[in-house]
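Asker: Annotation comment: Swiss-Prot describes 46-69, 135-158, 175-199, 273-291, 330-353, 369-395, 417-439, 517-535, 575-596, 643-665, 707-727 as transmembrane segment, evidence class sequence analysis. As annotated by Swiss-Prot, [4Fe-4S] cluster binding site applies to Cys559, Cys568. As annotated by Swiss-Prot, chlorophyll a B1 binding site applies to His654. Per Swiss-Prot, chlorophyll a B3 binding site is recorded for Met662, Tyr670. Annotated phylloquinone binding site per Swiss-Prot: Trp671, in sequence order, evidence recorded as sequence analysis.
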Amino acid sequence: MALRFPRFSQGLAQDPTTRRIWFGIATAHDFESHDDITEERLYQNIFASHFGQLAIIFLWTSGNLFHVAWQGNFESWVQDPLHVRPIAHAIWDPHFGQPAVEAFTRGGALGPVNIAYSGVYQWWYTIGLRTNEDLYTGALFLLFLSAISLIAGWLHLQPKWKPSVSWFKNAESRLNHHLSGLFGVSSLAWTGHLVHVAIPASRGESVRWNNFLDVLPHPQGLGPLFTGQWNLYAQNPDSSSHLFGTAEGAGTAILTLLGGFHPQTQSLWLTDIAHHHLAIAFIFLVAGHMYRTNFGIGHSMKDLLDAHIPPGGRLGRGHKGLYDTINNSLHFQLGLALASLGVITSLVAQHMYSLPAYAFIAQDFTTQAALYTHHQYIAGFIMTGAFAHGAILVIRDYNPEQNEDNVLARMLDHKEAIISHLSWASLFLGFHTLGLYVHNDVMLAFGTPEKQILIEPIFAQWIQSAHGKTSYGFDVLLSSTSGPAFNAGRSIWLPGWLNAVNENSNSLFLTIGPGDFLVHHAIALGLHTTTLILVKGALDARGSKLMPDKKDFGYSFPCDGPGRGGTCDISAWDAFYLAVFWMLNTIGWVTFYWHWKHITLWQGNVSQFNESSTYLMGWLRDYLWLNSSQLINGYNPFGMNSLSVWAWMFLFGHLVWATGFMFLISWRGYWQELIETLAWAHERTPLANLIRWRDKPVALSIVQARLVGLAHFSVGYIFTYAAFLIASTSGKFG
């Protein structure tokens, strides 16, 4: 009995039903609930697993490099980045007939291949890689790092190398090491790589291990650094006629503030990027020396937080008690980390397309669309996870005595006001936005488009103008050519910025109108409603008017019977579950908006977006239906084409998505009866009755069925849109 899964829970291991398997999987990572767990073992297990995570990441990235070097066309892509399609890897599929082989043999390959829409070619090219040998070297190095990480993980599980709890809770040392060591030193090292390898490569000079000690990154070497004439490093930048990867039109500057984009590659100037990383390195190296460790100087986090008591008295005891609450709660720390990471991931999505850092990536439209969508979805899952762990913190780790009258306690005390205000904002946004869309729909349907309600986003246009966009005619700040801000800026900073903002061939400050105004508010509705559900779930996790003792039931309970006026669907888990649907819905609107706006921009028919995006039928007909034609046409009487795989994935995604509803809209009794019937039939059928269950089959619990349904819904939803996005974009701009 002792060796049955799950080893971490004797109670579950002895369960005679299939519940043993499902609950075992569900609680495998909930270390806190495992048998014989101590605080020390909890911290040590998590710490060791981080090394495993790093090993997987290094192995994965190593695999990317290896497969491109082995099966890709990196060297021929480097010769002509705009016209050669980058190959991710070869496809070996015994089912392929001749038409399929022909359809997927692309990019100069000898057999069927996958095209890379991840941007890795552009990235590797920008940072100075040029040959397959470079890629193999990188793959081997990352494989080595992966092995080192695995060894480190194993090592930190050995008794002699297990860190103590006090080491894990030493906040100041961890801050110093992460700020200086992780961010500071790595940013400085990256600046070094850009200056010593990437910038010379962009000027046609190859710097490798055999010559990097002989090649000066700047004609004057370290002279200007030691004499304080740092401005010399910014003089003689690459000219606007510079051909990337060659010496033609190249300069000698290494750290600049040019602003705008390299005219040929449409990406940020590499010398600007190096300068940025140097500044980041400086800030973080300083920040990593601010906290008090063994030397008795610097800040103590506890003293800092305890001193944060606003004098007006309107925030009570301010941050008193927060240090211990955060430092003793892994869920609090994880929640904060996920919230920050989620926001950063969304910012990455926004900045990768508007300020592209990699050479030629802005002209690879499918990659731009794929990267934006990918990062927004990742951000959504990470952000909802932040609230999930926030709710678990409130249930498991929050101590009311420790936090009396501080900001955390006051949040919980006036939660009704927070929830009702969020609710009001969501209702207001929803009804007004839908009202405008539907009104416009009706006007179009009745043939009177001039009666639409079209609102210009004047405040957003004013902000764009203040930053230098002249087309709206606001004549304010940087868009006012006679103003002091404009004149001062010409000589000091970012001369290329104003050109970039006012050029229509990039995605920086796109021209916006009534369609943007409407979809902006639709997205605002989605964001506020998602937030409402998540915030309510966390704030009510310990108890609500209906169920004051909710915290005793844990994070994910389905119901507490029929009493109390109905206690089903009110656990913190239920809030998370509902919020994920809203999150997916919202990101759907975000990505639809981004994609349609950009397709019309790239095709040169922005008027289609401007005219059709002001009413719902326009979105359904001119975006979704019009752009799914390639997918619906993936297989036709003329045989297959290179979009067929996406057509199949589009169908398959819908299937997975629809399967989710089977778990989401059903009664447990039905499933139990179905399972009993299947088991009965199996046991009475020759051959099938040779296989016997050791566990009695039981239906999934309510919470489990919802999780399975949600997983199918999410995966199907994202698969379907990914296929739509890639096929419709690559079909137009192949």
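Cβ from N, Cα, C; glycine included.
What you see is a predicted model, and the numbers here were worked out from it, not measured in a lab.
Map these features onto the structure and tell me what's around them.
Answerer: Outside the transmembrane segment (175-199) by six or more residues, the chain places 126-128, 207, 212, 215, 217-218, 254-255, 270-271, 273-274, 277-278, 280-281, 284-285, 287-291, 293, 301 with a CB less than 8 A from a CB of the stretch.
Under 8 Å from some Cβ of the transmembrane segment (273-291) lie the Cβ atoms of residues 171-173, 175-181, 183-185, 187-188, 190-191, 194-195, 198-199, 254-257, 298-301, 357, all in the same chain and six or more residues away from its ends.
Same-chain neighbours of the transmembrane segment (517-535): 384, 387, 418-419, 422-423, 425-426, 429-430, 432-433, 436-437, 455-457, 460, 575-576, 578-579, 582-583, 585-586, 589-590, 593, 613-614, counting only residues six or more beyond its ends whose CB sits under 8 Å from a CB of the stretch.
For Cys568 ([4Fe-4S] cluster binding site), the Cβ neighbour count at a 10 Å cut-off comes to 13, with all displayed protein chains included. DSSP assigns Cys568 ([4Fe-4S] cluster binding site) to coil, not to a helix or a strand.
Within its own chain, the transmembrane segment (575-596) is flanked in space by residues 353, 369, 372-373, 376-377, 380-381, 383-384, 387-388, 391, 516, 519, 522-523, 526-527, 529-530, 533-534, 536-538, 540, 609, 613, 619, 623-624, 706-707, 710, 713-714, 717-718, 721, 725, 728-729, which lie at least six positions past its ends and keep a Cβ under 8 Å from the stretch.
His654 (chlorophyll a B1 binding site) has a Cβ environment of 15 other Cβ atoms inside 10 Å. DSSP assigns His654 (chlorophyll a B1 binding site) to a helix.
Within the same chain, residues at least six positions away from Met662 (chlorophyll a B3 binding site) with a Cβ under 8 Å of its Cβ are Gly709.
Other C-beta atoms found within 10 angstroms of the C-beta of Trp671 (phylloquinone binding site) number 17, with every protein chain shown included.
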Asker: Could you state the CA-to-CA distance between Tyr670 (chlorophyll a B3 binding site) and Cys559 ([4Fe-4S] cluster binding site) to the nearest Å?
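Answerer: Between the Cα atoms of Tyr670 (chlorophyll a B3 binding site) and Cys559 ([4Fe-4S] cluster binding site), the distance comes to 19 Å.
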Asker: To the nearest whole angstrom, state the Cα distance for the pair His654 (chlorophyll a B1 binding site) and Trp671 (phylloquinone binding site).
Answerer: 23
Asker: Could you state the whole-number distance in Å separating the C-alpha atoms of Trp671 (phylloquinone binding site) and Cys559 ([4Fe-4S] cluster binding site)?
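Answerer: Spelling it out, the Cα of Trp671 (phylloquinone binding site) and the Cα of Cys559 ([4Fe-4S] cluster binding site) are 19 Å apart.
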Asker: With CB pairs under 8 Å as the measure, which of the listed stretches 46-69, 135-158, 643-665, 707-727 comes out on top against the transmembrane segment (369-395)?
Answerer: 707-727
Asker: Any chance the transmembrane segment (643-665) and the transmembrane segment (135-158) have 3 or more Cβ pairs under 8 A, given the pairs are 6 or more apart in sequence?
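Answerer: No, the transmembrane segment (643-665) does not contact the transmembrane segment (135-158).
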Asker: Who are the long-range neighbours of the transmembrane segment (46-69) in its own chain, taking Cβ under 8 Å and residues 6 or more past its ends?
Answerer: 31, 87-89, 116, 118, 120-121, 124, 132-133, 135-136, 138-140, 142-143, 145-147, 149-150, 152-154, 156-157, 163, 168, 330
Asker: By a 10 A CB contact count over all chains shown, which of the binding-site residues listed here is most packed: Cys559, Tyr670?
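Answerer: That would be Cys559, with the most Cβ atoms nearby.
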